[in-house]
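I have a structure here, written as structure tokens, and I will follow up with some questions on it.
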Amino acid sequence: MPWLSTLMAVPVLGAVGVSLVKSDKLAKQLALAISLVVLVLTGVLAAQFNPTSGTRFQFAEVYDWIPRFGVHYGVGVDGIALVLIALSVVLVPIVILASWHDADGTGANAPPKRSVKTYFALLLVLEAMMIGVFASTDVFLFYVFFEAMLIPMYFMIGSYGGAQRSYAAVKFLLYSLFGGLLMLVAVIALYVIAEKGTFMFPELIGAIQDPTTQKWLFAGFFIAFAVKAPLWPFHTWLPDAAAQAPAGAAVLLVGVLDKVGTYGMLRFCLELFPDASKFFTPLVIVLSVVGIIYGAIVAIGQTDIKRLIAYTSISHFGFIAMGVFAMTANAGAGATLYMVNHGFSTGSLFLIAGFLIYRRGSSQIADYGGVQKVAPVLAGTFLIAGLSSLSLPGLSSFVSEFMVLIGTYEIHPVPAIIATTGVILAAVYVLWMYQRMMTGPTAESVKLFPDLDIREKWVVAPLIAVIIAVGFFPKPLLDVINPAVDKTLSTVQVDQFTPAVADKKGAGQ
Amino acid sequence: MQSPVEIIPHSSGVVGVSWLMIVLPLLGAAILLLSGRRTDRWGHFLGVAMVLASFVVAVASFVELLGLPEDQRRMGVALYQFIPGMADMGLLIDPLSISFALLITGVGSLIHIYSIGYMSHDPDRRRFFAYLNLFVAAMLLLVLADNYVALFIGWEGVGLASYLLIGFWQHKPSAAAAAKKAFIVNRVGDFGLLIAIFTIWTTFGSVAFAKVFPLAGEASNGTMTAVGLLLLLGACGKSAQLPLQSWLLDAMEGPTPVSALIHAATMVTAGVYLIVRSGAFFEVAPTAQLVVTIVGVATLLAGAIIGSAKDDIKKGLAGSTMSQIGYMMLAAGIGPAGYAFAIAHLITHGFFKANLFLGAGSVMHGMNDEVDMRRYGGLFPVMRITAITFIIGYLAIIGFPLLSGYFTKDGIIETAMEHNQILGWLAVLGAGLTGFYMSRMVFMTFFGKKRWADDAHPHESPAVMTVPLILLSIGSIFLGAFLILGNRFMKFLAPAVGLPEELPVFHFGSTAGLATLALVAVGAVFAWFRYGAADVPEVAPRGSFLTTFARRDLYGDALNETLLMRPGQWLTRFAVFFDNRGVDGLVNGLAATIGGTSGRLRRIQTGYVRSYALSILFGAAVVVGALLYVGNM
Amino acid sequence: MTTHYLVLSALLFAIGAVGVLVRRNAIVVFMCVELMLNACNLAFVTFARQHGNLDGQIIAFFVMVVAAAEVVIGLAIIVMIFRTRRSASVDDANLLKY
Amino acid sequence: MGETITFWVLAVLSVAAAFGLVFSRKAVYSALMLGMVMLSLAVLYAIQDAPFLAAVQIIVYTGAVMMLFLFVLMLVGVDSADSLVETIRGQRFWAAVAGLGFAVLLALGVGNVTFAAPTGMEAAVKEAGGNVPSLAQLLFTRYVFAFEVTSALLITAALGAMVLAHRERVRPKATQRELARARFIGPQPSPLPGPGTYALHNAIDMPALLPDGTVSPKSINRVLARHDTEDGVRPTDPEKAALIKQVIEKDIVVKEAPEQEDDR
């Protein structure tokens, strides 16, 4: 059974269906149902996935697309892709449920009414593309999805966003296109120089041997991914886009779309251009560390909740990129896990911030105060999401951040130490935000806040549950991720570290 | 020194289910938090029951441990794989961890019970008990973990619980700020601990105690010194040692049982636990040990000085806590000779300091939550049980002969004296200061004139609060003698931390002991003249430079503010400005440049067809020229 | 002799081109275009004789036909523009700019 | 020799005419100059063995196309002269540079080539027996498709010219009734004065004006003038008023005289 094609087809057909039904309410219910079907299908797929099997890309489907240029419709998943697809399909139903009234125009402070059906159809189209981009095993197909993803997101920001939405949407689009075009050049050059007559990723591994060529092609790919991720200093589109996007779209933007950047670094940059990756490692690690500290410091100074969360993400993306380029088993697995965990923790922060903004009509931190007194559940879930963001042990982000740092420390101790100061800054920005918004005397404007209703609880509960579960028991995810990361690193051929003082009975556990 | 025994995997008996110690209070916290208002009526009983059950498991494990021969008294309980290939979730039941477990669950239970009464009027009592349960679970994970990663989870878990409990009354901005401060300062310490764990991992390829400690001797001295200092940084954060002491005094914003449980008896001693647990590293890094002792002594003096000037009874006690933990640090830095005294003092301190805090809470409970000692005075007749238990705690802490504190503190001072005369005498001086400030507290609170506020109607607290006080004071009287005499505790701990080559013998009336007693007496008498016999003004007099210095927490906050907060704020403002104008400005500037250039370039399109024709003709001429050129080549 | 014809053709073409560039009256501009076309025809005819091949004359013939059609349409457009703008100056029709 | 003389005469003539085309201020002159060039070229075609093209050149170009130009010129205004002021800065200079450069380059290119003596058309036209049959043969065999396409082009052009020149009626044509109505609502219901008079009005009570603008005394109706005078209505124009007064007085004099005669 063509599992992955089915996974993509269901939301696309669903989007068509959603845009055809008469009533808005039915459209929402249909969208939710479709996304849940996709979730179930992914569950079945994940159950059949065998992380330790010899075949790297499982559920592979390869058909000719443009035979003249060796372009294929090639999909397949390994452990890394699988967990990211899982992240996407888990987040989409949650986002749909969370965005239930976003386009309605109801509520005292809601934005004006816009087409509800279009919004949910766009969400489903986006879901299909997110699955596609992670599942592509053809570099050209990956590029197509990479760019096509921008379209639904552009409309979601540009039509359903806040006051500055068109500025943010255009900035987002131009930035991403800029990176994407560099990547297109590199993709074509890769095809031409490799002389393999195909765009299939597995066949292109090791095709480029010349170090100078590798460096140029690496730069083309890397800048695209650095813009997408975003890495410092290509980050300024993210705060605008995330702050202007509706909360649901912001979750998918920061939670999933941006992961394509770091995923691309891990999958394509490292494996296609191993020597160039090693050459550029110091530069990337410096950029990552700067991003970690810089993102955190700028986040501390923000006065807008959504911008603050966006800047925390820039800091977190620094961790992920650092983990990818540390090129150790722990850091690589940690970075992959971080991609998933960051999706959940930042996703829940954005969604709960969205609930707050829906109630108050303002995203300024100064407009809140003492929310904990009137809406304890809201405040509590916000705190948990925030604590996950500052990677409190026992919550999911800790495991990944710890692995990234320890893995980086194995090879690059100094950057790892500097990056670790990020955990202090993280505590400052999260807790200060919590202090300003949730504690203290209850502000007049929040006196009448209702606590989370049933729908909102259903939105938050699965996220919190995942955050805590992965925080204490990350093994199932790591078991899927580890073999894939090890395979990647063996392609890159990096020497794994050995402890200074080895146990005589064999190092490690 | 006699090296500790190896860890034996164990999965049967009570020890096999010792994880219940952690899971039960965690379950309690989860139920209380998730159930909402439904459990408001009986939630506190559930919280108490969970901790009591945990205590029962701890006692049972302890009994089972005692039943084993000494060389088998380190039992590893594997639970599950946490991060495959790096860290597994597992517990280590040995004399050291079980001592802590008993202290945490025992004193914890008493404080839980006490809280039923203390928090009876608070609408959020259920949430309070949930947080307390969460704390107990995290603290137990910290001390029972068999590797550094699991320890770190507990370490941060108690930090979270501490944050939640300090900020329990969130509507008070001061409480919220204090909670945040505590967490952030702790994070600075955690940073050190994290780097220490990284270094341990890269040095030994493992983070499990069982794997790394036997190899400690093989690592380079520099590495071990670094690990030791980093661990010390972590310990300083958690245990409020210099230079990370500033959060503890603010942490008194939390409800008093929290101060008793977390900020006196258990959590703040985690740093001492960490140093003692990592003794294997410190023993091969004498420099790190020396720094530990110096930090300990500095903090014990600083805490005592701060405690001497505070009028807020809880802050006075907080200063005292700092000081006492300084003693423990001092002992822990000395090595195997000091470990037993450090832990013993830790345990007795857990009892008498909890006793003192709860007593202070009881006083506040009767005085409409007044904390200013200048508004107390003459309370002895109206709250006799509280007063008597408080005085027992007081006598214990100042080292009144034959009470708990006497044995443990004297042990530390004498060990320090043998180790290093300067440190020893400074510790003696600290003891004298203890005598002064604790006496001052007792005299100001229970004796002298009544300086109560007009609406104060002091009364004795209910039995649910006084019974824990009585139990704790019994511990405060006898525990020290029980642990120290005959080196009972030292031998018990030996499987975990080893024994010194020469067992100390406790003798009454040693030079250091007598000097300590004399200084304490001087301090107490001085306090009597200042605060017992003389009238205490209701408003604090300006005081000398030293008093101001102490009242301002030795300018610790001012230092932090000048050195870290202000530059941090500037940096933040600059970074935000730089991001908006610099990075984003560059991008937007580039966009504007392109837009402007094309705007100007656009002017070439004049709309005059003749201009276009001219350029076409030029183009044609160029083409013809090129053709000719190429043709002639 | 062929060279002379060709140079004459080039000269006429260039004069026509300059005329297109400097005159503003659309009709005169048009005449200049016709001049350029004629210059080309001369070249075609000259080459036809040079090579003894009728194709050049055929092409010149087609050029004439097309030029006739072009003149019809062009003049119709000029008349139309003149009707609406009361001017036959090519500089006046400069709305399509920037 | 004859060809050379013809060439040089016509070459000079056509280049001069071409300059005239470009530089004459009046469009009509330009058109005539163009005609001159075309006729010269026609002769040049003829001496280059292209009699058919020469004929077509004269018939189509000089006959049809040039007439079309002249018609349009008349529509637009024959005597309209271009202003000589150049509005686009540098246009003339650069146009001259480009034109000169272009001509020089072409001339250089052509001059560099050494041509053999022309082959001549004799061989090519021998088979079909003459220039016109040969061209016809080619047109209807090898170039038949292009030929058909040109016919389509011509039809399209004709249709296009009609469509372009057609003026769309924006409102329905006015009926006689509407025209009459409009006339009586308007300021002047009466017909306008006929050509040749300078009067603004065509009414019996208004004196006619002489070519120099003065009132013709003969045109003043005496009866009306007297009534006007009695009613105290006087033209505002003092000259006219004086004339009327004079006419009336003369009338009285005339009247009085018979009375006097009668009296006599």
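One-based numbering along the chain as shown.
Cβ atoms here come from the backbone N, Cα and C positions, even for glycine.
As annotated in TrEMBL:
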- A:30-49: transmembrane segment (TRANSMEM)
- A:69-97: transmembrane segment (TRANSMEM)
- A:118-135: transmembrane segment (TRANSMEM)
- A:136-422: domain 'NADH:quinone oxidoreductase/Mrp antiporter transmembrane' (DOMAIN)
- A:141-160: transmembrane segment (TRANSMEM)
- A:172-194: transmembrane segment (TRANSMEM)
- A:214-234: transmembrane segment (TRANSMEM)
- A:241-260: transmembrane segment (TRANSMEM)
- A:280-301: transmembrane segment (TRANSMEM)
- A:308-329: transmembrane segment (TRANSMEM)
- A:335-358: transmembrane segment (TRANSMEM)
- A:370-392: transmembrane segment (TRANSMEM)
- A:412-434: transmembrane segment (TRANSMEM)
Spell out yes or no: are there three or more C-beta pairs under 8 angstroms between the transmembrane segment (A:241-260) and the transmembrane segment (A:214-234), with each pair 6 or more apart in sequence?
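Contact criterion met.
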Who are the chain neighbours of the transmembrane segment (A:214-234) in space, where the CB to CB distance is under 8 Å and they lie at least 6 residues beyond its ends?
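Contacts of the transmembrane segment (A:214-234) (Cβ under 8 Å, skipping residues fewer than 6 from its ends): 146, 175-176, 178-180, 182-183, 185-187, 189-190, 193, 208, 257-258, 260-262, 264-265, 268-269, 272-277, 279-280, 284, 287-288, 290-291, 294-295, 314, 317-318, 320-321.
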Short question: which residues 6 or more past the ends of the transmembrane segment (A:335-358) have a Cβ under 8 Å from it?
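Here the qualifying positions are 79-80, 83-84, 86-87, 90-91, 94-95, 98, 101-102, 107, 109-110, 242, 246-248, 250-251, 254-256, 259, 262-263, 266, 305-306, 309, 312-313, 316-317, 319-324, 368, 371, 378, 381-382, 384-386, 388-389, 395-397, 399-401, 403-404, 437, 452, 456, 459-460, 463-464, 466-467, 470, 474, 477-478, 481, 484-485.
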For the transmembrane segment (A:69-97), could you work out the same-chain residues 6 or more beyond its ends whose Cβ comes under 8 Å from its Cβ atoms?
4-5, 7, 11, 28, 31-32, 35-36, 38-39, 42, 45-46, 49, 51, 56-63, 120, 123-124, 126-127, 130-132, 134-138, 140-141, 191, 196-201, 248-249, 251-252, 255-256, 259, 263, 266-267, 336-337, 339-340, 343-344, 347, 351, 455, 458-459, 462-463, 466, 477, 480-485, 487-488
Could you give the residue numbers and ranges of same-chain residues that sit at least 6 residues beyond the transmembrane segment (A:412-434) on either side and whose C-beta is under 8 angstroms from one of its C-beta atoms?
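Same-chain contacts beyond the flanks: 285-286, 288-289, 292-293, 296-297, 299-300, 305, 308, 311-312, 315, 318-319, 322, 326, 365, 379, 382-383, 386-387, 389-391, 401, 405-406.
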Are there residues at least six beyond either end of the transmembrane segment (A:308-329) with Cβ under 8 Å to its Cβ atoms? List them, or say none.
226, 229-232, 235, 238-239, 241-243, 250, 254, 258, 261-262, 265-266, 270, 277-278, 280-281, 284-285, 287-296, 298-299, 302, 335, 338-339, 342, 346, 349-350, 353, 365, 389, 397, 400-401, 403-405, 407-408, 410-412, 415, 419, 422, 425-426, 429-430, 433, 482, 485-486, 489, 492, 494, 496-497
